[in-house]
Ligand code: BG6
């Protein structure tokens, strides 16, 4: 997200091409490669941002000819392009643009945890011209350490003659503080921090990157963006989908680990960080690290967990394939978080996420304090709707501001209205599945949007106490298709507050 790179989202003509490199994808046959990496590479190629000499080597266990892998990916991309619900939906796949990617593809059969795969890979990569390689670990988390170790031992992470070697790690990065530390230790034994790109795909979203633009490119927000004016902040990632065939993964993970110390904390970091001195990667990451460092460790009183039961949106979680009949895994998590620093002391950040909720909605609502004085005769101050500034991340892309105006008529009465901005009203939709900027930035060597080892660890440290069995958090039921468990409402009610409705509260009359 350097200034240079950032222009790519505004005007691809002014963005420079990524340098020539070989992208080695571990997990060539996996879902992430098909659904997100290939569509993103296709979009980057269509925008002219990939070097002609770039190569893509897909590593996976199981024998396959390159032609067969290309074929599988071509079918998958055609399917996604035709699917209206897919972020890759286009009127038709541009076969020329896809062929430019397809001819770069090479399948490489090998087990992820066998040394022999890496010695062969080394021989293969020795034939490559630029020496630049990005190793992308699009694999199950249990392979992160074994792959990183073998890449290191085989010398594949050594940077020589000005060429770069980088390693991209997907989430989940650990399952608690101890495991995240161990994974960092293992990776950093073989690579320098500057070579490691830990992905949180929320940071690939334009609407998330725009939080910094909204805050720091406009004069009106910063003066009120502090405890004196802000009552509290709500960060919501509500989903209507269930576990989508990922029951056995989800059983081990749960909503809290899946979303909270990573995606929701990243949003919190963007909202709460101090202005950086520049958009230089380390300046931005330092300021975000300060936020995670200031989070007061969560206790059981700050957290509510829930699990969906049968309801209007379908069957119970416990009836999903791969899920235990007596599962205690949460599909909903809410938390009250305090950032203990000068700017935010005493301002709660309420975070919530859940599957099978009423509506899909990822947003951040910043609620300002009430006005101090009862001036309007027929509208008591406590009946006035507070000012709320909402950053809409998904599926709506934009912002809205709730404020009060005089209701037309002879009486001086005040009513709430909403002023809203939607990206589509101002900008042409750009082809984007959310991984374009991340892949492009990694090839350019810009780590701004990636997580640093220290931030990963401070984020886990903030939640570690509630993750362990002795925390014994109850898991409350909620009907599938509802807004979540009642206990989550009580979490806010105890502070005299309420969650923003998942469906729009202000409607035009
Ligand atoms: C993933 C989680 O990281 O993020 C999923 O593992 C979740 O459970 C997804 O559905 C949400 O991402 P998005 O971009 O669809 O909001």
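For all residues, glycine too, the Cβ spot is worked out from N, Cα and C.
Database features, via TrEMBL:
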- 263: active site, proton acceptor (ACT_SITE)
- 111, 112, 171: NADP(+) binding site (BINDING)
- 201, 205, 239, 258, 355: substrate binding site (BINDING)
- 24-209: domain 'Glucose-6-phosphate dehydrogenase NAD-binding' (DOMAIN)
- 212-500: domain 'Glucose-6-phosphate dehydrogenase C-terminal' (DOMAIN)
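Structure coloured by features recorded in TrEMBL.
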residue : record                       : contacts (Cβ under 8 Å, 6+ apart)
111     : NADP(+) binding site         : 61, 117
112     : NADP(+) binding site         : 26, 59, 61, 139, 143, 146, 147
171     : NADP(+) binding site         : 141, 198, 199, 200, 201, 262
205     : substrate binding site       : 393, 394, 434
239     : substrate binding site       : 353, 354, 355, 356, 357, 360
258     : substrate binding site       : 172, 250, 353
263     : active site, proton acceptor : 200, 201, 202, 237, 353
Farthest-apart CA atoms of 201, 205, 239, 258, 355, residues recorded for substrate, distance in Å
20
Here the binding-site residues are 201, 355; the one whose Cβ sees the most other Cβ atoms within 10 Å is 355
Could you find out if DSSP has residue 201 (substrate binding site) as helix, strand or coil?
helix
Got a sec? Which of 111, 112, 258, 355, the binding-site residues, have CB under 6 Å of any ligand 1 atom?
258
Longest CA-CA distance among 111, 112, 171, per record bound to NADP(+), angstrom:
21
